[in-house]
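Sharing the features that TrEMBL gives for it:
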type: REGION; residues: 1-28; note: region 'Disordered'
type: TRANSMEM; residues: 64-82; note: transmembrane segment
type: DOMAIN; residues: 73-543; note: domain 'Major facilitator superfamily (MFS) profile'
type: TRANSMEM; residues: 102-127; note: transmembrane segment
type: TRANSMEM; residues: 139-162; note: transmembrane segment
type: TRANSMEM; residues: 168-185; note: transmembrane segment
type: TRANSMEM; residues: 197-220; note: transmembrane segment
type: TRANSMEM; residues: 240-258; note: transmembrane segment
type: TRANSMEM; residues: 346-366; note: transmembrane segment
type: TRANSMEM; residues: 431-451; note: transmembrane segment
type: TRANSMEM; residues: 457-478; note: transmembrane segment
type: TRANSMEM; residues: 490-509; note: transmembrane segment
type: TRANSMEM; residues: 521-538; note: transmembrane segment
Amino acid sequence: MSRNTNGGDQEARRPLLSGDHLGPTELDSDEGEVIFDRRASGITDEAGGSATKRLTYEEAVEQAGFGLFHWLLLVVCGWANASDAVEILCVSFLLPTARCDLLLSSSDMGLLTASIFLGMMVGGYMWGYLADQRGRRKVLVVSLTVNGLFGGLASMAPWFWLFLLLRFISGIGVGGSIPVIFSYFSEFMPRLRRGAMISALATFWMAGNILAAGLAWLVIPRTWAHFSLGTLDFQSWRLFVVLCSVPSISSAVLFKLLMPESPKFLMEAGREKEAILVFRQMFDLNMKGIEKDFPEFALRTNSKQQGEIEEIRSQDKKRTFPISVLKQGLLPIKQMFSGSVKARSFVLLIIFYCISFGYYGLWMWFPELFARVESSGGSPCANVSLPSPLNNQSCYPVKTAVYMEGFVIAASNLPGNIFTILIMDSTGGKTLLSCSLIMSSLSVFLIYMVQTKAQSLGLSCIFSGVSVIAWNALDVVGTELYPTQLRSSALGFFTGVGRVAAIMGNVAFGKMVDSNCTVPILLVSALLLTGGLMALLLPQTRQTELT
């Protein structure tokens, strides 16, 4: 990065302000950038005054610098990402005990773990489309609130069907926040730092995973959290569900109070003045403590893209309301599977399906599988005849080792996250995505082969550490493959596809875990291998500019 970004050598590298009088041009000797003094050169705007320098989006982001604002953004967006992880994974940790209170069979547990993914499938594309039309920040506030509110209410559900419904609605909220967070975050990032910073954002999923596992370990085995609330027997796992909803609600409050709208979205929406105000806010925080004035500039958008947007808007006004809403809502999908992005869209479709079926299908069942390992002492598939318990004696007292093992597996994400941050910008997301998916496939295959509890835990940790690299790489690649007006819609659509796969994976495990758990485990391995090979067909996006 240049000295200008870090605040050093300010006078020599200071951007040209409107009050500076130089010759017709001045050359920035470090980077070869020619800066025009419009008044000295006689270049004026239509009103006869001095014209302001017009910058592209990437140039404006560079002018805003890099510093405190971006670290604050990382913390707020990271906490939101962690809150989604907590809300998704909390169901897997409550299964070993909640199955007794809600009288769940293995098939019921499969439906319960699938319910939040069904909600995410419904919410993913809907929220992504709204984020591209109405703004990223508004959608994040609403979707995070829906997630936390209904997730918390589920703790009071006395019946399985009501618990299932409330988890589904909570999933609708999660489906909106996950894809929009990454679009929103990436649109504030300088091009040369984008890969590493998105990888850093993705590591907060690990933080959420560890938080969920830690809360389960601390809360669910405790008998003091058990009390009666009317006719409701409020067990410790219900308190765990309440605590898991707090991160989402707090994230919504942080976005509402602290965060601005994406400047890239504002530019594409024709709201130039608001975009410049956001760049000023970024500049003021990044240059805090440095005597440096905000440079005056205007913004230059892609005229072709702007023309397409205006044409779509004018056509929408001519249609009747139902037809307009339907066609406008489906337009991003049509654009994704046509033109220059058609091939990459089909490849991403397959990758999202494979990784989501494999990861969520196996991950959501880890606590239950380890509960069976505790009983059998060997392979998670060794005790296939274990019946689903429907009485409290088989669930209580809670086996603390199950949650300790879940915590260890969650913590094993850390090496993969650190590795991703360090080499993402130099290697590129495509290579990391392919290699990590192939290695994940191998680790799952070996889980099927193991014979001892220690081997099962070790290979599960390897799967956790390697698969997180694939998710981080997919987060980076996904944000860089599509233009601004399609980015959130595309990520929302593919997230929805992934949720279909996650539902199928969880239902498959629920149906087969008691009779033949070998089939779903080997199927997971095969799908992860397929995804890794398909990733080789994606274009390289390392340090590319956002369009």
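Glycine is treated like the rest: Cβ placed from N, Cα and C.
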Across the domain 'Major facilitator superfamily (MFS) profile' (73-543), what does the mean pLDDT come to, as a whole number?
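Computed over the domain 'Major facilitator superfamily (MFS) profile' (73-543), the mean pLDDT is 80 on the 0 to 100 scale.
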Please indicate, using numbers and ranges, the residues of the same chain that are 6 or more beyond the transmembrane segment (240-258) and have a C-beta under 8 Å from a C-beta there.
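Cβ under 8 Å, 6 or more out: 72, 76, 79-80, 82-84, 86-87, 90, 93-94, 137, 140-142, 144-145, 147-149, 151-152, 154-155, 173, 177, 208, 211-212, 215-216, 219-220.
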Residues of the same chain, at least six outside the transmembrane segment (64-82), with any C-beta under 8 angstroms of its C-beta?
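Same-chain contacts beyond the ends: 1, 4-5, 7, 140, 144, 177-178, 181, 184-185, 188-190, 193, 197, 200-205, 207-208, 211, 247-248, 250-251, 254-255, 258-259, 279, 281-283, 285-288.
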When you look at the transmembrane segment (139-162) alongside the transmembrane segment (490-509), do they share 3+ Cβ pairs under 8 Å, ignoring any pair fewer than 6 residues apart in sequence?
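They do not touch: fewer than three Cβ pairs between the two stretches lie under 8 Å.
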Please identify the stretch among 168-185, 197-220, 346-366, 457-478 with the greatest number of Cβ pairs below 8 Å relative to the transmembrane segment (139-162).
168-185
Under 8 Å, at least 3 Cβ pairs, sequence separation 6 or more: does that hold for the transmembrane segment (521-538) versus the transmembrane segment (168-185)?
no
Considering only the recorded stretches 102-127, 168-185, 346-366, 457-478, state which has the highest number of Cβ pairs under 8 Å to the transmembrane segment (197-220).
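The stretch I would name here is 457-478.
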Quickly jot the same-chain residues contacting the transmembrane segment (457-478) by Cβ under 8 Å, restricted to those at least six beyond its ends, or write none.
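Counting only partners 6 or more residues beyond its ends, the transmembrane segment (457-478) has Cβ contacts under 8 Å with 182, 194-195, 198-199, 201-203, 205-206, 348, 351-352, 355, 358-359, 362, 366, 370, 405, 408-410, 412-417, 419-420, 424, 429-430, 432-433, 436-437, 439-440, 443-444, 446-447, 450, 490-491, 494, 528, 531-532, 538, 541.
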Should anything in the same chain at least six residues away from the transmembrane segment (168-185) have a Cβ under 8 Å from its Cβ atoms, list it; otherwise answer none.
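For the transmembrane segment (168-185), the list is 73-74, 77, 80-81, 83-84, 87-88, 115-124, 126-128, 130-131, 136-137, 139-140, 142-151, 154, 197-198, 201, 248, 251, 262, 475, 478-479, 487-488, 491-492, 494-496, 499.
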